Amino acid sequence: MGNMIKKASLIALLPLFTAAAAAATDAETSMESGSSSHLKSFLMSVSMIGLSEIGDKTFLIAALMAMRHKRVLVFSAAATSLAIMTILSGVVGHSAVAFLSERYTAFFAGILFLVFGYKLTMEGLEMSKDAGVEEEMAEVEEEIAIKDMNQDMDDVEKGGDTAYDKQLKNASIGKKIVHRIRELASFMFSPVWVQIFLMVFLGELGDRSQISIIAMATDSDYWYVIAGAVIGHAICSGLAVVGGKLLATRISIRTITLASSLLFFIFALMYIYQAFTTQD
């Protein structure tokens with residue numbers, strides 16, 4: 001059990017190592033080629049999402065819902081919701097380039113990351129070393145419990161399916177295929193799936209990571225930023241549904257918060273440097 005926790009903790013800190021590697025690569029190559037620029041944007045996005053989302057509200061929603069429903073259903077709903085939110089945020093961020101030059105957007109993004117870094121540093125220093133996510137987890141559990149009450153009647157209505165299942169065994173192949181397609185559609189768009197989708201979507205709306213994606217997408221490599229964020233969200237959602245509640249109670253929120261602040265300060269320096277070296 002201890003080894004599993006250690007492995008989970010290492011996986012949770014993997015984005016931090018990725019960010020360090022991306023920063024080192026950027027420092028070594030001041031005059032970067034197109035491919036290395038794409039890779040830098042991609043790794044920055046993955047690392048930012050990884051550190052921002054571990055233990056976040058959307059992470060806890062996926063972790064707690066996975067204890068009540070099928071993990072595949074929870075993962076598909078959470079990952080789809082976050083992917084759509086990320087794509088919309090990226091498109092909104094890149095559209096700002098139409099009104100401002102790349103130099104100004106990079107400068108504003110750098111200032112934004114400085115503010116985020118400062119706020120996270122203050123939050124981290126005010127936390128105790130043993131600070132956890134118990135309070136936020138209790139809030140999410142209460143929210144889920146209220147919404148689950150509306151699903152109880154649906155579970156009762158499924159009691160008469162045995163007779164239909166017997167008829168299906170004797171049905172033709174065509175009818176069986178149609179039934180499987182209908183089952184898949186009802187699985188993907190079931191009330192539970194929609195509930196998880198909306199809870200994650202609304203939980204991410206206006207979040208620090210969403211605003212960061214908007215800022216990062218002002219760069220010319222915005223599709224790589226979007227791709228990195230989508231993959232980062234998918235990794236975090238996967239961790240959440242597999243063992244998110246255990247992981248969230250074992251990691252140090254103070255450490256994650258301070259590591260995130262350091263990452264935002266690094267991003268701020270990179271974007272401000274880009275603002276002063278970019279030629280319009």
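Every residue, even glycine, has its Cβ placed from backbone N, Cα and C.
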- Message: Sharing a topological domain in Swiss-Prot means sharing a membrane side, so do M44 and T278 qualify?
- Response: yes
- Item | Considering the transmembrane segment (223-243), which listed stretch of 46-66, 72-92, 105-125, 256-276 counts the most C-beta pairs under 8 Å | 46-66
- Task: Using a Cβ-Cβ cut-off of under 8 Å, list the residues of the same chain that are 6+ residues beyond the ends of the topological domain 'Vacuolar' (205-222) and lie near it.
- Result: 37-38, 40-42, 44-45, 48-49, 52-53, 56-58, 85-86, 89-94, 96-97, 100, 102, 105-106, 108-109, 112-113, 116, 229, 264, 267, 271
